[in-house]
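What TrEMBL annotates here:
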type: COMPBIAS; residues: 1-35; note: compositional bias 'Basic and acidic residues'
type: COMPBIAS; residues: 36-47; note: compositional bias 'Polar residues'
type: COMPBIAS; residues: 48-64; note: compositional bias 'Acidic residues'
type: DOMAIN; residues: 70-114; note: domain 'Myb-like'
type: DOMAIN; residues: 70-114; note: domain 'HTH myb-type'
type: DOMAIN; residues: 115-165; note: domain 'Myb-like'
type: DOMAIN; residues: 115-169; note: domain 'HTH myb-type'
type: DOMAIN; residues: 166-207; note: domain 'Myb-like'
type: DOMAIN; residues: 170-207; note: domain 'HTH myb-type'
type: REGION; residues: 1-84; note: region 'Disordered'
């Protein structure tokens, strides 16, 4: 919160509607009542959140999915056509036109890979500003945050914060003790850097 006390809101946030302002205020109040400190790596929910018009259960991968093989070009084409026909609401109906895929897989494939306008690659300064502002103001739902950053998915927002922008990240030189922990953990776990990073306070798999 302190880092924004003397800073104007990012331009990308200026056009919040009244309903969005109320939603953000509710989220901020809920966050402040549950966490007395500023947001840290552990204070934010790892859930990607509920996206507009969708139930949270739709976002999770179905453990009984018909197949986990790579998507084929024909399946991608079928998904695009089905979304064109049904829109982006009824994912069970959409999945009926995509052979070998269920509604959860179709939703994930569309939202994370095929949806027009998705942004991949480097984050811009303006995107980082919006992300920092929303998180430090108490918004702890990655789905809601992604809605304010066009083209970014909840997963992209979560990983950008946790691996790059979180002020709790230690970006200083590694100590001898940290090096020892890494070497020892790598012998036990192999190259599972995400798990290894959890053994080092303030470190991420990318730092």
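Every residue, even glycine, has its Cβ placed from backbone N, Cα and C.
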Take the domain 'HTH myb-type' (70-114) and average the pLDDT across it for me.
94
Determine how many residues of the domain 'HTH myb-type' (170-207) DSSP places in helix, in strand and in coil.
19 helix, 0 strand, 19 coil
